[in-house]
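Single-structure report; data block below.
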Amino acid sequence: MTVSLNTMMGVDGLEDQEQLREIRNCLLKCISECSERGLVYAVRWAAEMLNGMNPIEMEHIPFSSTPTGEFDLDPDMANEKLLEVEEKNIYLLAKSYFDCKEFERAAYTLQNCKSSKSIFLRLYSKYLAGEKKSEEENETLLNTNLTLSSTNREFYYISEVLESLHYQGNKDPYLLYLSGVVYRKRKQDSKAIDFLKSCVLKAPFFWSAWLELSLSIDSLETLTTVVSQLPSTHIMTKIFYVYASHELHQVNSSAYEKLAEAEIIFPNSRYLKTQRALLTYDSRDFDEAESLFENILTNDPYRLDDMDTYSNVLFVLENKSKLGFLAQVASSIDKFRPETCSIIGNYYSLLSEHEKAVTYFKRALQLNRNYLSAWTLMGHEYVELKNTHAAIESYRLAVDVNRKDYRAWYGLGQTYEVLDMHFYALYYFQRATALRPYDQRMWQALGNCYEKIDRPQEAIKSYKRALLGSQTNSSILVRLGNLYEELQDLNSAASMYKQCIKTEETEISPETIKARIWLARWELGKKNYREAELYLSEVLNGDLELEEAKALLRELRSRMEHSYD
């Protein structure tokens, strides 16, 4: 076990070498414990963070994995250590089976062991064996009968053992983690959150527990509540908030602030550098995101983690040469990683070779059918191929994997809109706006949907919400003007059209032309001839000369002549 989250300091007083020593020792302890339990991804994360600390700061810190506090005086821990010593030989045998992926054999070997470490490895082996079997039973992709949350047959046994242990007062953090995993898989998120919070309070640098906690959180409100129940100054609480904000696609200034604080302790952390790139991507600053990802890849040339997101950035920027190079690099590193297949799929999509793109996204899902982005991207490709049925199926499966992914909900809305099923589309756009409340695109799509079903008041509210993201979207302002005109609210319509004209930068756009012609008619109706003439002259002085504007100008001049008679 490790020093608790409550006893660890945050980022205040970073000059204090004792704090850095404590963080370093906890990371070393976590690496040791997770390695013994076969939690390889947690080991990798902790090792990367350890190497992300400033070497200058570490020179004065002695190599030690002994935890701080009165760990050795805990009588329960002393008894636990005694059991581990007694079971060491059989544990090493079981761990060797586990490392060879003989999970059932490992579990069987440990069936009579009593230490928490042995019980964890036995139950974790059972869990992985059950996951493997459920995968084998559902190998066919895009089968309408496929349920991605197919039940792991070992869940009942694992739950029964864990509940008995918790009833007996066993608070081993790794067993708490396993309980959280099982409850999350069974879609009992509130219970999962409770167990995972207890786990991270006891083992704060155990990253796998934080990942599971993030997967159990489906909204920014829930995230805020969970974080408020954890020590706010602890560095792991801050890192978790950054990661969970990205997973929820809810990036705010608080996430950037917490990331900056973490970077003070881990200035060389590649993980944190990647988190900054991901936050920048979520903020839709694609040029900056590209620069950050390029720097990451330069310093870590064999990295594949999150490089699929880098390929998304290059796709949006339509940078075919860089995306093609990235696909070649990824393929040379490991052609059987889901990230590699996704990168290649994005490359073919950018070349408009959508059938090839689908092939690679399917390949990614054959390697990991819970690989969320591939389901969503495959849905996009099916839309391009006009295969709406397959697109809907892909998006639905994406939602099954992760209900907080706004892209899948948005994709469903767009697909049903193509099918002119606007009430269905409305529901999915509403889900997308709930997950992405500050994204102009979501509200614009919702407003358009309300227009299609003849609900102008709701459309106006949606478009106005979209404008909170940017007051300079001329197409939204024109739509608002049209809606107000339909409702006979001409003053509000005029206000929208005037705002539209203010968005104009250099050249006159089709939207501002329409706005000027409408305003000219409006001023003409009020006999404000000079103002009407001014709007029309601005249209005619532009690059586009419209017959409608010319005709209106002739009418205006005729009226002006009669008014002087």
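Just so you know, the numbers here start at 1 and follow the chain as drawn.
Here the Cβ of each residue, glycine as well, is placed from N, Cα and C on the backbone.
Summarised as a single figure, the pLDDT of the repeat 'TPR 1' (87-120) averages 95. The repeat 'TPR 1' annotation in Swiss-Prot covers 87-120.
Only residues 6 or more beyond the boundaries of the repeat 'TPR 2' (173-206), in the same chain, are considered here, and those with a CB under 8 A from a CB of the stretch are 1-6, 8, 26-27, 29-30, 33-34, 37, 39, 42, 46, 49, 116-117, 119-120, 123-124, 127, 149, 152, 155, 158-159, 162, 165-166, 212-213, 215-218, 222, 226, 229-230, 234, 236, 240. Annotated repeat 'TPR 2' per Swiss-Prot: 173-206, in sequence order.
Look at Swiss-Prot and you will find 270-303 tagged as repeat 'TPR 3'. Residue counts for the repeat 'TPR 3' (270-303) under DSSP, helix first, then strand, then coil, are 27 helix, 0 strand, 7 coil.
What Swiss-Prot records for 338-371 is repeat 'TPR 4'. Across the repeat 'TPR 4' (338-371), DSSP helix (H, G, I), strand (E, B) and coil residues number 27 helix, 0 strand, 7 coil.
Annotation source Swiss-Prot lists repeat 'TPR 5' at 373-405. Distant neighbours of the repeat 'TPR 5' (373-405): 142, 144, 146-149, 215, 218-219, 247-249, 308, 312, 338, 341-342, 345-346, 349, 352, 354-355, 357-358, 361-362, 364-365, 411-412, 414-416, 418-419, 435; these residues of the same chain sit at least 6 beyond its ends, with a Cβ under 8 Å from one of its Cβ atoms.
Swiss-Prot lists 407-439 with the feature repeat 'TPR 6'. Packing against the repeat 'TPR 6' (407-439) from elsewhere in the chain are residues 219, 248-250, 372, 375-376, 379-380, 383, 388, 391-392, 395-396, 398-399, 445-446, 448-450, 452-453, 462, 465, 468-469: each is 6 or more residues past its ends and has a CB under 8 Å from a CB in it.
Swiss-Prot lists 440-473 with the feature repeat 'TPR 7'. Cβ atoms under 8 Å from those of the repeat 'TPR 7' (440-473) belong to residues 406, 410, 413-414, 417, 422-423, 425-426, 429-430, 432-433, 479-480, 483-484, 486-487, 499, 503 of the same chain, restricted to positions at least 6 beyond its ends.
What Swiss-Prot records for 475-507 is repeat 'TPR 8'. According to DSSP, the repeat 'TPR 8' (475-507) comprises 25 helix, 0 strand, 8 coil.
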- Item | Composition by DSSP (helix, strand, coil) of residues within the repeat 'TPR 5' (373-405) | 26 helix, 0 strand, 7 coil
